[in-house]
Structures are given as C-alpha cells and as structure tokens.
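A.B. asks: Sending over a structure as structure tokens; questions will come in a sec.
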Amino acid sequence: MWWTSLVFSVLLFDLIFISNCDYIHLPGNSDIPDLKLQSGYLNANENGTQKMFYFLLEARDIPVGEASLIIWFNGGPGCSSLSAFFEEFGPLYVNFGGKSLFENVHSWYHKANILFLESPIGVGFSYDTEQSNFTKVNDDSIAEQNFNSVIDFFQRKHSSYVNHDFFIAAESYGGVYGPMLSALVVDSISKREFPNENFKGLIIGNGFMNVKLSTNTMILWSAYHDRTSPDEWDEIKEKCATSGAHDVDYYDFMQFMKTTNKMDYLADNSTECGRLIEPLLGQFSETFDGYDFFNYYHDCYTNFSIPNATDPIKETLAQIPRRRISALFNKHSTDGQASYRCWADDALHKYLNLKEVQNALGIDRAWKDRKKKWEVCNMPIYDQYVMTHQDMTPFFSKIFDKFTGPAFRVLIYSGDIDTACNYLADGYFVRDLASIHGFKKTLKHGPWYHSEHKVIAGNFMRYEGANHLGSKLSIDVVTVKGSGHFVPLDRPGPALQMVHNFLTGKPGKMTNYTSPV
C-alpha cells in the first residue's frame, strides 16, 4: 500500500537523520535521556597531528539554529573544560560513587549551544599523535592550537554552525586564552579569512588578565578580610611603600616577591616587606594555612583531593551503611550542595576513566593505547609553564581596534570571595582598559538581582565606546555575591540569569541582568 511505503520512508529518513547527528549517550544518565551531546576531535595544527577533544552540547529551550554558540575554555593552565561540563554549568553532575549522573537544572545549555574544548594539547583526552607526553606549551602556542581547532570546527566538523552568532568564553587562566584567541579571530575576520564572521563578544569569568594587578590586589583583598591586624597593616603600609605610589592601593608589592614561572608569586623573605605580606598571599604563601583558595568562606572537613589518596571515594563509601545516603552530606562543610565541591573532582576522575564512558565518548584508540588516565588538570603542563604575556591589554586593544562588525560586547564577571583571581583585579583592569580607549562609564556601580523575588545577586557597571571603524564597543563588569572562583557552581541560578541576559542583550542598549530567566 502507498501509505505503508510513506511510513517506511519517513522512518528511514528519521533513522538517517539520527545517525547523522551522532548524539552520544552518557553512561549513568537517566535524568536527561534526550540530551543532544556530541563529542570528537578537532585538528589543532595544520598537519592534523594534534587532536583536541571536544563536547558539543545543543541548546534545550531555544531552537539550535537560533541559539548562540558559546566556545568555552577552562584555565589552569592545563585544566580540562570537561570539568566545566560536569562541575559547573553543564546539564549533568557526577554522583559520589563516580558511576552515575544527576541533572543540573541551572545548566547554561537551556539558553545556548556550548562547545567545550580540552585545551591545550595534552589536557584530558587531547593528544599529539607524534609525542606521547606532550606537555611543553606557552601562551602563544596555545592560542594557535585554539585558533586552528575553532577553524576546524566551523569548516570541517560542524559547518552547520558557520552562520551562528558565537561568543568566546573562558575562566581563570582562560583570561589569557580568551583575549588571545579573540584577537586572532578578529584579525582573521578583518582579512575575510575566518569561516564564521558572526563573532559577537567575549566572556571572561574570574579572569587572570594582568599579573601585577592580580598579585597586588590580593594583598589588599586579604588585608580587608581579617588576614592581618590594623597594627600590622599600618606596618605593611610603612615598610612596603614603593616609589610613585601615593596610596596603598597603588603599591607595587611584587617588588618584594619572587617567581619562577611569571604567574605565581611568593613573598621574598629576604626583605622586610616580604616577611610582612607572606601571610596575606594565601596558597602562594610558604606558610599556607589551609583555607579554600577558590572560595574564602568554603570548608571541607575531608579533603577528597589530596595527592596521595588511592581511591578516597571508595574508602568513604565503604564506611557508609547501606541506604544511609544522608551520611554523604558533609555536616562540617559550609555549602548547601551536599558538599559537591569537596568531592566533585574525584568523582569526575573516576567517571571519565570508566571503560564504558570512554567508549561512549569515542576516545581515540591512539590515546587509550598510551595507558594514561584522564585527569582534571595536567600538572606537568602547569609545572613546566612559563607565562609569556602578563598583561592582556595589548590583546584587548587588537580586538577593539580591528573589529569590523556593528558591535562587540564583553562581559567580565567575578565571584567576590575568590582569592585565586580576585574581583578587584578585574575591576581595576577594565577601568584602565576603558581609560586607554576613551570609553565612558555609562552605568555606575550598582546592584543587580536574581529571580522574580529580587534577591541581590551582586553588582555591575558598564563602559562604552567605539573604534575608528564605527563599531560599538562595551564592557560589562559584574560581580556575583557570595561566589568564589567557580561562579556557575557556587551561584548557579544567578550565573545562568547573568549569562542569558548578556547573550540576549542588544548592542547599544543596557543589559538588564536583573531580568529573571
């Protein structure tokens, strides 16, 4: 019958469509069975010997063809962006045992398509086909790897995204990755060489964009958070004064510090000032006192991430009587998320090293044959790293000067209790950047609110200007109250609202971060 042929044809078309999409099913995912997730490898160099692993997550609440694309990088340097998927703003988190997943209702995929890149080569499942232990990279080589991978994404792997609006987004040391990659993309677009010209903006979360500002403001932040006494602070102001500084806010404390990699600075105990400021430097102090570097007010009574732990999750589970799930809750922790931050890395490490998970993700046989384990961060990369560009101002300047589109928008957001990349440094950095380019502050510092209940979520301000080509330029500086380094994890609801309102903001118009999602 004709109708049976029609039904067969429709079913065949559906099967072909599904097979062409190549959506993967994550083992242990029973909460979101219709998740549209793809994974694979992009070529990070011209000859294709460097393979960068990626996740591509399709938007849920907005049609894929209409939703913007966020291209995401974690920092480190040397840390995997899959931790952002499973621990920050992805749709699924890993349960304590490391074998199953549960839904994150505040995932950013509700409002955007998201590409997660494991950068640089050597991180996570990314690898070099010719070198089994590829760990030697720097700021410039990473920028080239990222640039080549993004081109390969648009040209070869997912050409259907070539007309999508897209934003580059990054966190922490991604405050270096993001501006450097953006400068390359803008330059390529200006030469009409880049496959997608719809580059709309840059998002930086708790960014490490200027070493001097980040290091010096850490002293200020610590001093005003009870890490010294009034008398000791007065002594610091006396002994650490530097030439030309009329106020402690402008002291160059780095003159009394030392470094081996140009990004991590320790107090120089051979100087009087160095001895005084050492307790204020937190994790980079030789007398580190054990507070959470990424969230000043967060505590874990058990450190699930100690380097010598063989299998801390297995050991903990063995101590929990059957069906007493409440025992998993950390009664001594200061968070309300079942202490997820305390054990998430270990759960994720266990999950992504399961054979069935790696098979589902399509991990290359060449990577598996090296008998390595997936790690949240590749510490040999970090240990060998020497920072090349300590100030991102020149790269922002390249972006602003060469941008040819109608408008380019920047969002700089920061958790206000992060001591790894503190909010003061980002605020000072943007203020100075705006001054260099003649931007005007069009919105003074003031609060924004989360949800229809108008709960204060932080503060924000805006700078606006234009370049010589007539492109409108804007920078929004947003703080998230009560959040540490990982804003989408610490304050998931406000983070989703903030990003959604930024993505849907209109050039030349004020973004309403208070608008509920």
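Note: Cβ is positioned from N, Cα and C throughout, glycine not excepted.
Okay, so Swiss-Prot annotates it like this:
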- 1-21: signal peptide (SIGNAL)
- Ser172: active site (ACT_SITE)
- Asn269: N-linked glycosylation site (CARBOHYD)
- Asp418: active site (ACT_SITE)
- His485: active site (ACT_SITE)
A.B. asks: Could you check which of these recorded positions, Ser172, Asn269, Asp418, sit within 10 Å of His485 (active site), going Cα to Cα?
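C.D. replies: Checking each Cα against His485 (active site), the hits are Ser172, Asp418.
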A.B. asks: Under 8 Å between C-beta atoms and at least six apart in sequence, can you list the same-chain neighbours of Asp418 (active site), or say none if there are none?
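C.D. replies: For Asp418 (active site), the qualifying residues are Asn206, Phe294, Asn295, Tyr296, Ser483, Gly484, His485.
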A.B. asks: Which one of the recorded positions (Ser172, Asn269) has its C-beta surrounded by the most other C-beta atoms within 10 angstroms?
C.D. replies: Ser172
A.B. asks: How big is the gap, in Å, between the Cα of Ser172 (active site) and that of Asn269 (N-linked glycosylation site), rounded to a whole number?
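C.D. replies: Approximately 28 Å lies between the Cα of Ser172 (active site) and that of Asn269 (N-linked glycosylation site).
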A.B. asks: Across all chains shown, how many C-beta atoms besides its own are within 10 angstroms of the C-beta of His485 (active site)?
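C.D. replies: I count 24 other Cβ atoms within 10 Å of it.
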